[in-house]
Amino acid sequence: MIPILTSYIKIRLLYYTSHRFHFLTTLMHQWFGIMLTRNATIASMILLTLLKYGLIGVGLFIFIHKGKVYLSNWELVCTTYLLLFLSPVIGNLGLVKRVLAPVDEILLSTSPLSNRQIFLFNYTVSFVTKKLPEIPFMIILTFVVWYNVDVLSWSFWIFSILLYVTAQVISFCLMISLCLLQVNRYRKGYRWGTFLYVMFCGMLMFFISFFISKTTFSWLTSTPNIKDVFSMPLFLKHFFQTVRVILQFKQSLLTPDLVAAKASIYSLDISLLLYLILYIGFVALMFAILFYYRAGFWYRTSWRIEVSQHKDWLWLLERIFLLLARDIHTRIQIKQLLRNRLQIASDYAFFFFNYFNYLWIGIAAGLYQIDFTEHPLIRLISLFMLFNIVARDSFGGGVIWFPGMMKFDSDGRALQLYRISGENLIHVYKAKIRVQRWLGSLDFLIMFSVLVYILKPSLVEWPFIISLCAMNFFCIPHLKTIPSLMFPRLTRQHYTENEDYLEATLWQENIEKKTQQIFFLIGLLSLVALLILHVDTSLVYWIGSLIYTLCLICGLLVFHVLLERQKIKSNEFPM
């Protein structure tokens, strides 16, 4: 099998590099008018690669050298091992789609290879073409830390290699588990495994956003003088302070990177050695079990066909919404959305507290315990951005994630049945608006509670937040849906198109975009200007509450007028 695998990797590498060659030659010809030969292209790619790694090495050396001022040797080694451990585990998650449904699946399925061998082929090729270039970066990072930390010996290299290989094996096991989860989602429905997967991806986004938010806001609020903020030493100080906070949180967790750091800095006692042996043995056992029994089991099967209904989370949501629905139009919209598993499959995370919610929670967590007494401007912008984005995404997400089912004209020719039965088509529009609000209510309530708990708004900030969220609740579904009511197209569905219709594009890119820009100008920049002019903070929040309330009233009046005018027009389009 090894010669076949080698030949297959060689073919895929040639295909991959040929695209790189073509891109580089086209770029040089268009920008500089130079036609490169094949040898010149290869030499240029090698030089660019060496230049890239050289710049990375210089940047890491300067960064680690500066970090020695703020972090101890122990903390530097812990950070390095943490990166060596997390980089393969997180980075290789992007290979799941490549091994789940590979490009050469049909060709490989007709070969005499077993399913495990096909999986191994796909994983190896994807790893070599996509992740192998990351290994020199890890080597450079390890060398720079080893050079700058005097207490390290050659055992640091041994534990670095051992930790990186272990992380690759864990990533391999995790990849098989995620493939199993996705296949079972098609076969058995959306159950706890789907929620855990979304939560796992969301937690990764949470930690990344928390790190960025904590560093940024600590840096911006470190001094009342804005001119003193934009200095590199001050930024590095708060950056490494955030790293220290994360490391202190990890001290209570006996993770492999922490054990390797203790063994490198201090000594490898019997308890640590026993832990490493048991851990490596457990990882090896899981690798053997998953690879032998589950690797590639879905190949040569029809697992991607449209599934039938299951009693899962979507089934439960449908039952809850049907109990709330009082009219036939809303019930039809609920069933059309939650029973169309084929369309939901690509954006199912919307129903499981999607990843972006964790991103906003991470940003809010970075604001926790930061003193905004001398920085009311940052406090105002933070409250506006977080609550506005959360409310907007919750109540407008239905059209954004599922345009082929939540836009007014997504029902296509079925709207003619309402015409024939004498129903007013505005009832269909209102049903879609109602369903969008229901879909976003649970996400919004959870996010609102979490943000309030973290940010702890004062009494004067509550009217500001409530009026902002109320405006999004009432206006955003209309703003996202009304273009398809004003300019309906019934012969083709939105989710089968490469581009939106011209009229809808004009509305979305002009009217909708301009409306959001005007609101941003009035709702935030005007308040920022008042704070800069040293207007009392409480008065600014009350003015903001008044502005959002007026925007809500004006928006509802405008939408009411548009619906009244469209009520006749929508029932007169050609049969």
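Residue numbers in this text run from 1 along the chain shown.
Every residue gets a Cβ built from N, Cα and C, even glycine.
Keep in mind it's a predicted model, so treat the numbers as computed, not measured.
The transmembrane segment annotation in TrEMBL covers 42-64, 76-94, 132-149, 155-181, 193-212, 272-293, 348-368, 380-403, 438-456, 462-479, 518-535, 541-563.
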Next on the checklist: Contact between the transmembrane segment (380-403) and the transmembrane segment (76-94) is defined here as three or more C-beta pairs under 8 Å separated by at least 6 residues; is that satisfied?
Outcome noted: no
Checklist outcome for this item: Beyond a gap of at least 6 residues from its ends, the CB atoms lying under 8 Å from the transmembrane segment (155-181) belong to 77, 80-81, 84-89, 91-93, 95-96, 99-100, 119, 123, 138, 142, 145-146, 193-194, 197, 256-257, 260, 263-264, 268, 279-280, 283-284, 286-287, 290-291, 294-295, 297-298
Checklist entry - Out of 193-212, 462-479, 518-535, which stretch has the largest tally of CB pairs under 8 angstroms to the transmembrane segment (348-368)? => result 193-212
Next on the checklist: Using Cβ distances below 8 Å and needing 3 or more such pairs, separated by at least 6 in sequence, tell me whether the transmembrane segment (380-403) contacts the transmembrane segment (462-479).
Outcome noted: yes
Next on the checklist: I need to check the long-range neighbours of the transmembrane segment (541-563): which residues 6 or more away from its ends have a CB within less than 8 Å of a CB in the stretch?
Outcome noted: 380, 384, 426, 429, 460-461, 463-464, 466-468, 470-471, 474-475, 478-479, 482, 485-486, 519, 522-523, 526-527, 530
Item to check | Close approaches to the transmembrane segment (462-479) from elsewhere in its chain (Cβ under 8 angstroms; 6 or more beyond its ends) | outcome: 383-384, 387-388, 391-392, 394-396, 398-399, 433, 436-437, 444, 448, 512, 515, 523, 541-542, 544-545, 548-549, 551-552, 555-556, 559
Checklist outcome for this item: With the cut-off at Cβ under 8 Å and a gap of six or more residues from its ends, the chain residues touching the transmembrane segment (518-535) are 376-377, 380-381, 384, 468, 543-544, 547-548, 551
